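Quick look at what Swiss-Prot lists:
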ACT_SITE  C146  active site, nucleophile
BINDING   R21, R126, R127, R166, S167, A168, D169, N177, H207, L208, Y209  dUMP binding site
BINDING   H51, D169, S263  (6R)-5,10-methylene-5,6,7,8-tetrahydrofolate binding site
Amino acid sequence: MKPYLELIQKILDTGVERDDRTGTGTWSIFGHQMRFDLRQGFPLITTKKLHIRAIFIELLWFLRGETNVKYLHDHGVTIWDEWADEQGELGPIYGYQWRSWPLPDGGYLDQMAKTLTQIRNHPHSRRHVVVAYNPACVDEMALPPCHALFQFYVAQGRLSCQLYQRSADVFLGVPFNIASYALLTHLIAQQCDLDVGEFVWTGGDVHLYRNHLEPARLQLTREPLSLPHLRIKRRPPSLFEYQYDDLEIVDYQSYPAIKAAISV
(Lines of atoms letter the chains of each structure in order from A and count residues from 1; the text may use other names and numbers.)
(Lines give C-alpha, C1' and ligand atoms only; values in the text may rest on other atoms or scores of the structure.)
Protein backbone atom coordinates (compact mmCIF):
# COMPACT_ATOMS: atom_id res chain seq x y z
CA MET A 1 0.00 0.00 0.00
CA LYS A 2 2.81 2.39 -0.81
CA PRO A 3 0.45 4.65 -2.84
CA TYR A 4 -1.42 5.39 0.40
CA LEU A 5 1.74 6.31 2.29
CA GLU A 6 2.87 8.43 -0.66
CA LEU A 7 -0.45 10.30 -0.43
CA ILE A 8 0.12 11.05 3.25
CA GLN A 9 3.61 12.33 2.47
CA LYS A 10 2.27 14.48 -0.37
CA ILE A 11 -0.26 16.16 1.92
CA LEU A 12 2.39 16.80 4.57
CA ASP A 13 4.76 18.24 1.95
CA THR A 14 2.40 20.26 -0.26
CA GLY A 15 -0.95 20.53 1.54
CA VAL A 16 -2.50 23.87 2.47
CA GLU A 17 -3.99 24.64 5.85
CA ARG A 18 -7.75 25.24 5.75
CA ASP A 19 -10.65 25.61 8.14
CA ASP A 20 -13.50 23.12 7.80
CA ARG A 21 -17.08 22.42 8.84
CA THR A 22 -16.09 20.40 11.91
CA GLY A 23 -13.92 23.16 13.37
CA THR A 24 -10.89 20.85 13.55
CA GLY A 25 -9.04 22.24 10.55
CA THR A 26 -7.21 20.33 7.82
CA TRP A 27 -4.13 20.14 5.65
CA SER A 28 -5.43 19.36 2.18
CA ILE A 29 -4.72 18.96 -1.51
CA PHE A 30 -7.25 19.02 -4.33
CA GLY A 31 -7.33 16.08 -6.70
CA HIS A 32 -5.40 12.83 -6.32
CA GLN A 33 -5.58 9.31 -7.74
CA MET A 34 -4.37 5.90 -6.56
CA ARG A 35 -4.57 2.58 -8.42
CA PHE A 36 -4.65 -0.91 -6.92
CA ASP A 37 -4.37 -4.15 -8.91
CA LEU A 38 -6.82 -6.43 -7.13
CA ARG A 39 -5.12 -9.49 -8.61
CA GLN A 40 -2.04 -8.70 -6.53
CA GLY A 41 -3.84 -8.83 -3.20
CA PHE A 42 -6.66 -7.24 -1.24
CA PRO A 43 -5.89 -3.55 -0.52
CA LEU A 44 -6.00 -3.42 3.27
CA ILE A 45 -3.37 -1.09 4.65
CA THR A 46 -0.85 -2.89 6.84
CA THR A 47 0.85 0.08 8.51
CA LYS A 48 -1.94 0.12 11.10
CA LYS A 49 -4.52 -2.51 11.99
CA LEU A 50 -7.97 -1.98 10.48
CA HIS A 51 -11.35 -3.09 11.85
CA ILE A 52 -12.17 -5.47 9.01
CA ARG A 53 -15.52 -6.50 10.45
CA ALA A 54 -16.75 -2.89 10.47
CA ILE A 55 -15.70 -2.38 6.85
CA PHE A 56 -17.45 -5.51 5.61
CA ILE A 57 -20.62 -5.10 7.70
CA GLU A 58 -20.98 -1.48 6.58
CA LEU A 59 -20.87 -2.49 2.90
CA LEU A 60 -23.44 -5.25 3.44
CA TRP A 61 -25.62 -2.66 5.21
CA PHE A 62 -25.33 -0.30 2.23
CA LEU A 63 -26.26 -3.14 -0.13
CA ARG A 64 -29.38 -3.86 1.92
CA GLY A 65 -30.48 -0.28 1.30
CA GLU A 66 -30.83 0.44 5.00
CA THR A 67 -30.41 3.79 6.74
CA ASN A 68 -30.89 2.82 10.39
CA VAL A 69 -27.98 1.75 12.56
CA LYS A 70 -29.88 -1.23 14.02
CA TYR A 71 -28.37 -3.67 11.49
CA LEU A 72 -24.91 -2.34 12.33
CA HIS A 73 -25.54 -2.69 16.07
CA ASP A 74 -26.87 -6.22 15.59
CA HIS A 75 -23.46 -7.04 14.11
CA GLY A 76 -21.38 -5.18 16.69
CA VAL A 77 -20.55 -2.11 14.58
CA THR A 78 -20.92 1.45 15.92
CA ILE A 79 -19.07 3.57 13.34
CA TRP A 80 -22.18 5.55 12.36
CA ASP A 81 -23.45 6.28 15.87
CA GLU A 82 -22.12 9.86 16.00
CA TRP A 83 -24.46 10.90 13.19
CA ALA A 84 -27.61 8.90 13.98
CA ASP A 85 -30.65 10.46 15.64
CA GLU A 86 -32.32 9.05 18.76
CA GLN A 87 -34.15 6.44 16.68
CA GLY A 88 -30.96 5.39 14.93
CA GLU A 89 -31.95 7.01 11.63
CA LEU A 90 -29.49 8.71 9.29
CA GLY A 91 -31.77 9.92 6.52
CA PRO A 92 -31.49 9.03 2.81
CA ILE A 93 -27.75 8.23 2.81
CA TYR A 94 -25.73 5.70 0.79
CA GLY A 95 -27.90 2.60 0.94
CA TYR A 96 -31.06 4.54 0.22
CA GLN A 97 -29.57 6.24 -2.83
CA TRP A 98 -28.00 3.01 -4.12
CA ARG A 99 -31.21 1.00 -3.85
CA SER A 100 -34.07 3.55 -3.84
CA TRP A 101 -33.02 6.67 -5.79
CA PRO A 102 -36.22 8.78 -5.87
CA LEU A 103 -37.78 9.45 -9.27
CA PRO A 104 -39.91 12.46 -10.32
CA ASP A 105 -43.03 10.28 -10.68
CA GLY A 106 -42.81 9.16 -7.06
CA GLY A 107 -41.18 5.84 -7.86
CA TYR A 108 -37.70 4.60 -7.09
CA LEU A 109 -34.69 3.35 -9.04
CA ASP A 110 -32.56 0.49 -7.72
CA GLN A 111 -29.23 1.68 -9.11
CA MET A 112 -27.31 -1.35 -7.88
CA ALA A 113 -29.67 -3.90 -9.43
CA LYS A 114 -29.77 -1.97 -12.70
CA THR A 115 -25.98 -1.70 -12.85
CA LEU A 116 -25.58 -5.41 -12.16
CA THR A 117 -27.96 -6.22 -15.03
CA GLN A 118 -26.09 -3.86 -17.34
CA ILE A 119 -22.73 -5.42 -16.52
CA ARG A 120 -24.11 -8.88 -17.30
CA ASN A 121 -25.90 -7.93 -20.51
CA HIS A 122 -23.79 -5.07 -21.86
CA PRO A 123 -20.37 -5.40 -20.20
CA HIS A 124 -18.69 -2.81 -22.43
CA SER A 125 -21.24 -0.09 -21.73
CA ARG A 126 -19.89 3.19 -20.36
CA ARG A 127 -22.98 3.63 -18.20
CA HIS A 128 -22.14 1.37 -15.26
CA VAL A 129 -22.42 4.28 -12.83
CA VAL A 130 -23.94 4.48 -9.33
CA VAL A 131 -24.40 7.85 -7.64
CA ALA A 132 -24.84 8.37 -3.91
CA TYR A 133 -24.68 12.18 -3.87
CA ASN A 134 -28.24 13.33 -4.54
CA PRO A 135 -28.36 17.15 -4.23
CA ALA A 136 -32.13 17.09 -3.71
CA CYS A 137 -31.71 14.96 -0.57
CA VAL A 138 -28.51 16.37 0.94
CA ASP A 139 -30.28 18.49 3.56
CA GLU A 140 -32.14 15.41 4.82
CA MET A 141 -28.96 13.36 5.28
CA ALA A 142 -27.15 13.09 8.60
CA LEU A 143 -23.91 13.19 6.60
CA PRO A 144 -23.85 13.84 2.84
CA PRO A 145 -21.98 11.08 0.96
CA CYS A 146 -18.21 11.54 0.94
CA HIS A 147 -17.71 8.69 -1.55
CA ALA A 148 -20.09 10.17 -4.05
CA LEU A 149 -19.99 8.20 -7.31
CA PHE A 150 -18.49 5.00 -8.68
CA GLN A 151 -18.20 3.42 -12.11
CA PHE A 152 -17.44 -0.10 -13.31
CA TYR A 153 -15.42 -1.06 -16.37
CA VAL A 154 -15.14 -4.49 -18.01
CA ALA A 155 -12.18 -5.43 -20.22
CA GLN A 156 -10.66 -8.81 -21.05
CA GLY A 157 -13.01 -10.57 -18.66
CA ARG A 158 -11.99 -8.43 -15.69
CA LEU A 159 -14.09 -6.00 -13.68
CA SER A 160 -12.54 -2.73 -12.51
CA CYS A 161 -14.06 0.01 -10.39
CA GLN A 162 -13.30 3.71 -10.02
CA LEU A 163 -14.57 5.69 -7.06
CA TYR A 164 -14.82 9.47 -6.88
CA GLN A 165 -14.62 10.66 -3.28
CA ARG A 166 -15.52 14.34 -2.94
CA SER A 167 -14.22 14.56 0.64
CA ALA A 168 -11.47 12.25 1.82
CA ASP A 169 -10.41 11.89 5.46
CA VAL A 170 -7.10 10.27 4.60
CA PHE A 171 -6.16 8.90 8.01
CA LEU A 172 -9.46 7.39 9.17
CA GLY A 173 -11.81 7.23 6.20
CA VAL A 174 -9.81 6.45 3.08
CA PRO A 175 -8.40 3.07 4.24
CA PHE A 176 -12.00 1.96 4.96
CA ASN A 177 -13.23 3.25 1.61
CA ILE A 178 -10.50 1.54 -0.40
CA ALA A 179 -11.23 -1.81 1.24
CA SER A 180 -15.00 -1.38 0.98
CA TYR A 181 -15.05 -0.70 -2.75
CA ALA A 182 -12.45 -3.38 -3.41
CA LEU A 183 -14.81 -5.81 -1.67
CA LEU A 184 -17.76 -4.53 -3.71
CA THR A 185 -15.78 -5.09 -6.90
CA HIS A 186 -15.00 -8.67 -5.87
CA LEU A 187 -18.65 -9.39 -5.04
CA ILE A 188 -20.00 -7.99 -8.30
CA ALA A 189 -17.29 -9.80 -10.27
CA GLN A 190 -18.36 -13.08 -8.69
CA GLN A 191 -22.03 -12.40 -9.45
CA CYS A 192 -21.20 -11.58 -13.08
CA ASP A 193 -18.71 -14.44 -13.66
CA LEU A 194 -15.80 -12.04 -14.11
CA ASP A 195 -12.32 -11.81 -12.66
CA VAL A 196 -11.25 -8.67 -10.81
CA GLY A 197 -9.09 -5.97 -12.38
CA GLU A 198 -8.19 -2.64 -10.78
CA PHE A 199 -9.67 -0.46 -8.10
CA VAL A 200 -9.03 3.20 -8.89
CA TRP A 201 -9.50 5.72 -6.09
CA THR A 202 -9.96 9.37 -7.08
CA GLY A 203 -10.24 12.05 -4.42
CA GLY A 204 -11.41 15.67 -4.54
CA ASP A 205 -10.74 17.49 -1.25
CA VAL A 206 -8.09 15.11 0.10
CA HIS A 207 -7.11 16.01 3.64
CA LEU A 208 -5.52 15.18 6.95
CA TYR A 209 -7.21 16.70 9.98
CA ARG A 210 -4.89 18.74 12.19
CA ASN A 211 -5.25 16.22 15.02
CA HIS A 212 -4.24 13.40 12.65
CA LEU A 213 -0.89 14.85 11.58
CA GLU A 214 1.19 13.08 14.22
CA PRO A 215 -0.60 9.72 13.84
CA ALA A 216 -0.05 10.03 10.08
CA ARG A 217 3.65 10.71 10.58
CA LEU A 218 3.85 7.60 12.76
CA GLN A 219 2.43 5.53 9.91
CA LEU A 220 5.16 6.81 7.61
CA THR A 221 7.79 5.22 9.87
CA ARG A 222 6.31 1.76 9.23
CA GLU A 223 7.32 -0.34 6.24
CA PRO A 224 4.29 -1.84 4.44
CA LEU A 225 3.80 -5.60 4.77
CA SER A 226 2.54 -8.05 2.15
CA LEU A 227 -1.11 -7.67 1.20
CA PRO A 228 -3.66 -10.24 2.33
CA HIS A 229 -6.16 -11.98 0.07
CA LEU A 230 -9.95 -12.13 0.07
CA ARG A 231 -11.72 -15.47 0.11
CA ILE A 232 -15.43 -15.53 -0.77
CA LYS A 233 -16.74 -18.81 0.64
CA ARG A 234 -20.19 -18.81 -0.93
CA ARG A 235 -21.99 -17.45 -3.98
CA PRO A 236 -25.51 -16.47 -2.90
CA PRO A 237 -28.35 -16.09 -5.42
CA SER A 238 -27.94 -12.30 -5.56
CA LEU A 239 -25.56 -9.48 -4.68
CA PHE A 240 -27.86 -8.48 -1.84
CA GLU A 241 -27.74 -11.78 0.05
CA TYR A 242 -24.11 -11.98 1.11
CA GLN A 243 -23.47 -12.47 4.83
CA TYR A 244 -20.41 -11.55 6.85
CA ASP A 245 -19.56 -15.23 7.33
CA ASP A 246 -19.28 -15.60 3.53
CA LEU A 247 -16.15 -13.44 3.59
CA GLU A 248 -12.68 -14.15 4.89
CA ILE A 249 -9.43 -12.20 4.79
CA VAL A 250 -6.47 -14.55 4.54
CA ASP A 251 -2.94 -13.77 5.75
CA TYR A 252 -3.59 -10.25 7.04
CA GLN A 253 -0.59 -9.02 9.00
CA SER A 254 -0.33 -5.46 10.22
CA TYR A 255 1.29 -3.11 12.67
CA PRO A 256 -0.77 -2.18 15.76
CA ALA A 257 -3.75 0.15 15.48
CA ILE A 258 -3.19 3.90 15.81
CA LYS A 259 -5.91 5.75 17.70
CA ALA A 260 -7.22 9.03 16.33
CA ALA A 261 -10.31 11.12 17.04
CA ILE A 262 -13.09 11.34 14.46
CA SER A 263 -14.27 14.80 13.43
CA VAL A 264 -18.05 15.12 13.42
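For all residues, glycine too, the Cβ spot is worked out from N, Cα and C.
The shortest Cα-Cα distance between R21 (dUMP binding site) and any of the recorded positions H51, C146, S263 is the one to S263. Ranking the binding-site residues H51, R127, D169, H207, S263 by Cα distance from the residue listed as 'active site, nucleophile' puts D169 first. A sphere of 10 angstroms centred on the C-beta of H51 ((6R)-5,10-methylene-5,6,7,8-tetrahydrofolate binding site) encloses 14 other C-beta atoms. If you draw a 10 Å sphere around the CB of R21 (dUMP binding site), it holds 8 other CB atoms from the protein chains shown. Taking every protein chain shown into account, R127, S167, D169, H207 are the binding-site residues, and of these the Cβ with the most other Cβ atoms within 10 Å belongs to H207.
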